[in-house]
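Input: a single structure, listed below in structure tokens.
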Amino acid sequence: MTLTEKDSQYLWHPYTQHKTAQTPIAITRGEGALLWDENNKQYIDAIASWWVNPFGHSNKFIADKIYKQLTTLEHVLFGGFTHEPAIQVAEKLMKLLPENQQKIFFSDNGSTSVEVAIKVALQFFYNKGEKRTTIIAFEDAFHGDTFAAMAASGISFYTQAFQGMFIDVVRIPVPIKGKEQLSFDTLRRVISENNCAGFIFEPLVQGAAGMVMYEPETLDELIKICRENNVLTIADEVMTGFGKTGKTFAMDYCAEIPDMMCLSKALTGGTIPMAITTFTQEIFEAFYDEDINKALFHGHTFTANPTGCAAALASFELLQTPEMQANLVRINQKHLDFQEYIKKHPKVTTTRVLGTIFALEIKKENEETYYGTMRTKLYNFFIENGVILRPVGNIVYILPPYIISDEQLDKIYEVVEKALEIV
Ligand SMILES: *Cc1c(COP(=O)(O)O)cnc(C)c1O
């Protein structure tokens, strides 16, 4: 039996309707921006395997650090114990984060980092004896698949089976160009009409919505409105974190700073599942009390796993090398050049670039859903041509590992341009 045949016997894949889905491709190895399947066919990983892998597959530098940690201390429980890798991650991260971020909390994935932030926002007010139980989020937001994260997410596709079972969330429009004032006004209105504890947002780029972008000045204004009304702000940088937008964090483009941040995806260079939620000292102090009931009763068994911490430390180191920083600039320039060229194509309606993120929207005849026919056609075309891209409906985006070569990028652009002819 091939790997693919065995897979269909045993495995249940994410976001997959197994009755109609195509069989998955069995990948056997990876190196740099490339992956190979069981038939030795080569693919360029143009989306860094769901945005987690900035430094290339099977990265030896990170692997060595992981091995060293595994053979020193692979894991120890974090309740009542601590260890140097966790402390180092905190020290290093604090140098990178906005200066008001003073405490970090570990978990395992993006959804749990959001779950923690939302629970902290709700309990912050509970501990102060204030009734604030509503969370504000953008339309079309994506914050993950656990319950509070799902509640905050606006894409009904993922959440429709669970409607009516969520915490209270009110939505405001995404402040894309022309919608800024509507977004500000709606935010002011929902704050005045509800007991809002927190506002969670994907800063500058809504990833899962199809790399929808808005301006830093606009986000500054939204954060200011929240601060004036004592509503906590949560920057979900699970996707945007660690260089994707050209700066370490998307929030680095803003003048305002958030109360909390959520990090995961590229945190460990795509090696070990790990996430971090970060907080201001003020938030921490709302939980700091003689009364045990005011503590944050949340934790995961693998919290602050030392091996994950070692991988994160190695990733921070790689990200800050001059070569990697130069890669961010190089990819951005290549994207801008391609944008200049492709935006004139009659089938392209919109293009967007921020840092290493490129997106274009293809003209559509009918309403295209997330997993619609155009999407399937495009996806298959890319795979046939040895490029891994996962369009969102009629939106094609590129978010490559930072170590991708110019030639590999050119190949991706070429395949994207060719794909416009088949839809
Ligand atoms: C991917 C993502 C999440 C969820 O992370 P998981 O690790 O898949 O649980 C949350 N927020 C944003 C912005 C994301 O892109």
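Using the three backbone atoms N, Cα and C, a Cβ is placed for every residue, glycine included.
Taken from TrEMBL, the feature substrate binding site covers W50, K265, G299, R390. Other Cβ atoms within 10 Å of the Cβ of K265 (substrate binding site), summed over all protein chains shown, number 27.
Counting only same-chain residues at least 6 apart in sequence, those with a Cβ under 8 Å from the Cβ of D236 (pyridoxal 5'-phosphate binding site) are G110, S113, V114, A117, H143, I200, F201, E202, P203, M261, C262. Taken from TrEMBL, the feature pyridoxal 5'-phosphate binding site applies to G110, S111, D236, H300, T301.
As annotated by TrEMBL, N6-(pyridoxal phosphate)lysine applies to K265.
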R390 (substrate binding site) versus binding-site residues S111, H300, T301 - nearest by Cα: S111
Number of Cβ atoms other than its own within 10 Å, given for W50 (substrate binding site): 14
Chain-internal residues, separated by at least six, CB under 8 A from H300 (pyridoxal 5'-phosphate binding site): F106, S107, D108, T112
Distant-in-sequence Cβ neighbours of S111 (pyridoxal 5'-phosphate binding site), under 8 Å, six or more positions away: H143, G144, D145, T146, A149
